[in-house]
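Step one of this worksheet: look at the structure below.
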Amino acid sequence: MAYSMVVLNSIYALIITPYILGVIGEMEYGVYKTISSFSSSLLILDLGIGGTVIRYVAKYRAQNKQERISNFISMIFGETVILILIVAMVCFLMYFTLSSVYSSGLDYSQIELAERLYIILSINLLLHLIENVLYGIISGYNQFVFSNGLKNSRIILRIICTYVFLSMYKSSIALVIIDLGLTVFLITADYVYIKKGLRVTIAVSFKNWEKDVWLESFRYTVLMFLTSVAAQVNSNLDNVVIGIELGASEVAIYSMGLVIFSMFQCLSTGISGVMLPTITNSLSHDPSGRQAKEIIIASGRIQFILLGGVLAGFIIMGKKFIHLWLGSGYDDVYIIVLLLMGPSLLELCVNVCLSVLRAKNMIGFRTMILMVTTLINAFVTVFGVREYGYFAAAIGTGISFLFGSVFVMNIYYYIKLHYNMLEVYGHIFNRTWLCIITSSLISVCLPPGGVSSIDGFLYEGTVFCVIYFVTLMVYGFNRNEKKQVKQVLWRIIK
């Protein structure tokens, strides 16, 4: 189900994004992405409350403490109401800064459009706080089939609505209204499922909070908040700075690189994003963490097989793909994507380790490292963009990945979790790296399929995938992985 969501997101990115770009134009799309990044940066104000809900609902379920779940949910909704009022005030104040912040990068008409977009995006942000809590409850109950199925429905509806409404109203305003409507749809569906399916009572409480639960969850929430700050800055800083320093057109080009990179990340988070309840349950039965380590290695192998294959394929065929997808004028996207993909690969292969940290309530150090790497990213981006353009933004993000998420965190995993990360990577890369190299070399040696031909590109891509799959079946997969692949193939054939 998680990977069907990755496929649908990829369809949206590969088909709908160029359609949007063609309908509203590069300049307006740049304004839309700039303000989306600006408003998304305010998501740090959700204090990471969704992650807190997942962690504590999963924890109390593992301990079979249903009454504490009800009390905790009532308390969290009370906090959320207060949070919504605070965020609404911040959004209101930030509205009056738009014209001065973007005065050098956007003209008067673009700033006027940006202000209209910002109002709708701010309303969506407030509703997103509620949806975050509801999603946290469902995920804490390990009901990922429903939650991911609902998200799949959202993407399908988004694709349909974008085609229909954008053809009638050729403006980025239509895009933000569509997203607002879909957020309302998600909240309604989540609420009904929690009430009817999970039979969980949702109430708002401002009193009788359990002091020990509140203090423990508040500490965790603060750490999740700081993590969210770093994540939002790293996700949105590039577009915001590029919009201020360079302009809307450059934001549009850089955003295309981020679209591809986001799809790359989703291949990993499609697995790691649903692992917290599983890891929490594993640690409750095996506090030593040996079972959790096996889960990290097993999921890491799948992640590396997918990510390594995609990275190799993009190195070989990425320029042709970008030319066919976006046309001329977007050649820089290839370099931007490689600057982002390469440094992130090692971290994305072991990001299930983060679920172990969350389950053990040990995210404090990672939060601190994320804050440090965020400052590094900000420094490189802000000062580098003026001299080297959007490439500096990608380099800053890549450096922060390598230093914080790979070098420092792997040392931390060794010291605190007693995981020998060289051993973990050894199990993950075992044989699979050779399959990637072999497939790449064979594909490069084959006759090219044509630079501007879709048929030629599909031919090259198919040949690479077939060779890669064959080498994995012959040499790369272990016995259990071969068994799982054969079971999947048998279900498809049957």
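Any Cβ shown, glycine's included, is placed from N, Cα and C.
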Write down the single range among 205-223, 414-432, 433-451 that appears in TrEMBL as transmembrane segment.
433-451
Assess whether the transmembrane segment (251-274) lies in contact with the transmembrane segment (457-477), where contact requires at least three Cβ pairs under 8 Å among residues 6 or more apart in sequence.
no
Hey, which of 7-25, 117-137, 295-318, 333-357 has the most Cβ-Cβ pairs under 8 Å against the transmembrane segment (457-477)?
295-318
Any residues 6+ beyond the ends of the transmembrane segment (333-357) with a Cβ under 8 Å from its own?
253-254, 256-258, 260-261, 264-265, 267-269, 271-272, 275-276, 278-280, 283, 289, 292, 295-296, 299-300, 303-304, 307-308, 311, 314-315, 318-319, 322, 326, 363, 366, 390-391, 394-395, 397-399, 401-402, 405-406, 409-410, 413, 417, 419, 421, 424-425, 428
What residues elsewhere in the chain lie close to the transmembrane segment (172-193), defined as a C-beta under 8 angstroms and at least 6 residues from its ends?
20, 24, 28-29, 31-32, 113, 116-117, 120-121, 123-124, 127-128, 130-131, 134-135, 137-138, 143, 146-147, 150-151, 154, 157-158, 161-162, 165-166, 202
